[in-house]
Amino acid sequence: MSGRRVYSTSVTGSREIKSQQSEVTRILDGKRIQYQLVDISQDNALRDEMRALAGNPKATPPQIVNGDQYCGDYELFVEAVEQNTLQEFLKLA
């Protein structure tokens, strides 16, 4: 699978996950960075794919990848935004 993807879930009881997903998509949309939203709640294979790319069998959304390269999770994303290194984080530079 190619391109930037944000792994998310539409089914969660966690306000924290919902908030983190919203913030990631809001920032990407605001910077006009194209991405595909992948809803892992629709298929366990997608959840397994997300966890394999993250290298963490317990990884939870949101997780960001570019092609087959893992970019990071919410915390790393926010850190990149704060340090103005989002292009590098997303492996665009």
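Backbone N, Cα and C define each Cβ position, glycine as well.
Within the model, the domain 'Glutaredoxin' (2-93) shows a mean pLDDT value of 96, rounded to a whole number. Per Swiss-Prot, domain 'Glutaredoxin' is recorded for 2-93, and the stated evidence type is sequence analysis.
If you look up Swiss-Prot, you'll see SER2 (among others) marked as O-linked glycosylation site.
Summarising the annotation, Swiss-Prot assigns O-linked glycosylation site to THR9 (among others) and lists sequence analysis as the type of evidence. Cβ environment of THR9 (O-linked glycosylation site): ILE17, GLN21, ASP39, ILE40, SER41, PRO61 lie under 8 Å away, each six or more residues apart in the same chain.
The feature O-linked glycosylation site is assigned by Swiss-Prot to THR12 (among others). Under a cutoff of 8 A between CB atoms, and with a sequence separation of 6+ in the same chain, the neighbours of THR12 (O-linked glycosylation site) are LYS18, SER41, PRO61. DSSP gives THR12 (O-linked glycosylation site) a coil state; it is part of no helix or strand.
Residues or ranges marked as N-acetylserine by Swiss-Prot: SER2.
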Do you know the DSSP helix, strand and coil residue counts for the domain 'Glutaredoxin' (2-93)?
43 helix, 18 strand, 31 coil
